[in-house]
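Participant: Heads up, here are the entries from TrEMBL:
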- C18, C22, C25: [4Fe-4S] cluster binding site (BINDING)
- 4-219: domain 'Radical SAM core' (DOMAIN)
Amino acid sequence: MAAVNPPWAMLAELTHGCPLRCPYCSNPLELTARRAELTTSQWLDVLTQAGELGVAHVHLSGGEPLLRRDLTEIVAGADRAGIYAQLVTSGLGLTRERLAALTAAGLPSVQLSVQGADAASSELIAGRRSFAAKERAAALVREAGLPLGLNVVLHRLNLDDIDAIVDLGIAWGAVRIELANTQFYGWGLANRAALMPTRDQLDRAREAVERRRRRTGAELVWVVPDYFDGVAKPCMGGWGAVSLTVAPDGRVLPCPAAYDLPLDLPNVRDHALAWIWSESSAFRAYRGTDWLPEPCASCALREVDFGGCRCQAFALTGDPGRTDPACALSPDHGLIAELSARQGGELVYRDPAGR
Ligand code: SF4
Ligand code: FES
């Protein structure tokens, strides 16, 4: 077997617990219970192994990672392992004292989620009062001298507010604003029609991003809406190619949205991370391009997009091994046109108890 390059990045989902109820949540329908989470020493061991494996960047995420009382120890573990850590948080629960402890433990950066450009639109999606806490969290991060990133998931209810969202990010001191069009996985699938934008909305939003890019100091990142472009995205930079996800209970996934795929997911409680990365069947399933079906197998773009997204192929066709239906060349592309035309409806919020 050919040698496998080491992973560069790791997503550490420290907990599925979360104070927010976002309808676009891409975490699975079945969330990991708090009592099933890895212990502090297990997370520290995972980080040590990750550093030895070659991981250079970890997102400490969830759910809401601040719900873990041992977050400072976990941050220190990443620092000892030589891994650059970014805390990905809703901001709820961040205090000056907590941030001081995290910074002293070696935390180098924070990414804050916000759901809209103002309190009303943000809280409509978050499902609870949260905007003021986010604004406070942004100020604390700036005061601590850490670089702040802002993440905004885009959909039909906020795509018309790009200018106001960018203004908000600049006012809050963000150096990077990620404008991520909703990817429909996990809980988000139940809200696909309610969140599905129109093509006109997307065109206007894309123009606004281009215009703001030319005259805004902050870096603007636009995560493409693949239902509308007729192009498959090189999802995860290729399956098992650059990153891995460790779930709250120690399962390891090639993609954070792959919980429901028919894979035998390995667990750090049973196997070394190095074995999981290079040998486990879950990571080998769609690695490289040899497994690709037609039309991908004979397509000039197969080394560029690797046949697109496995989770989307599974969600739409029931077979993760098919060409991503987002691609205009896919025999299943008609499904995308049909689904993207279904628009509107009530939002279904996540259960605040985290189910
Ligand atoms: Fe990519 Fe496959 Fe579509 Fe070619 S046919 S563009 S490889 S998804
Ligand atoms: Fe899982 Fe694309 S979201 S492979």
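Just so it is clear, glycine is given a Cβ too, placed from its N, Cα and C backbone atoms.
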Participant: I'm checking region-level scores; what's the whole-number mean pLDDT for the domain 'Radical SAM core' (4-219)?
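Facilitator: Computed over the domain 'Radical SAM core' (4-219), the mean pLDDT is 96 on the 0 to 100 scale.
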Participant: Starting from the Cβ centroid of C18, C22, C25, which together make up the recorded [4Fe-4S] cluster site, report each further residue of the same chain whose Cβ lies within 8 Å of that point, ordered by sequence.
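Facilitator: Checked against the 8 Å cutoff, the neighbours are L20, R21, Y24, N27, G63, W187, R350.
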Participant: So how many other Cβ atoms are close to C18 ([4Fe-4S] cluster binding site), meaning within 10 Å of its Cβ?
Facilitator: 20
Participant: Going along the chain, which residues six or more apart from C25 ([4Fe-4S] cluster binding site) have their CB under 8 A from its CB?
Facilitator: C18, G186, W187, G188, R350
Participant: Per DSSP, C18 ([4Fe-4S] cluster binding site) is which: helix, strand or coil?
Facilitator: coil
Participant: Near the Cβ of C22 ([4Fe-4S] cluster binding site), how many other Cβ atoms are there if near means within 10 Å?
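Facilitator: There are 21 such Cβ atoms around C22 ([4Fe-4S] cluster binding site).
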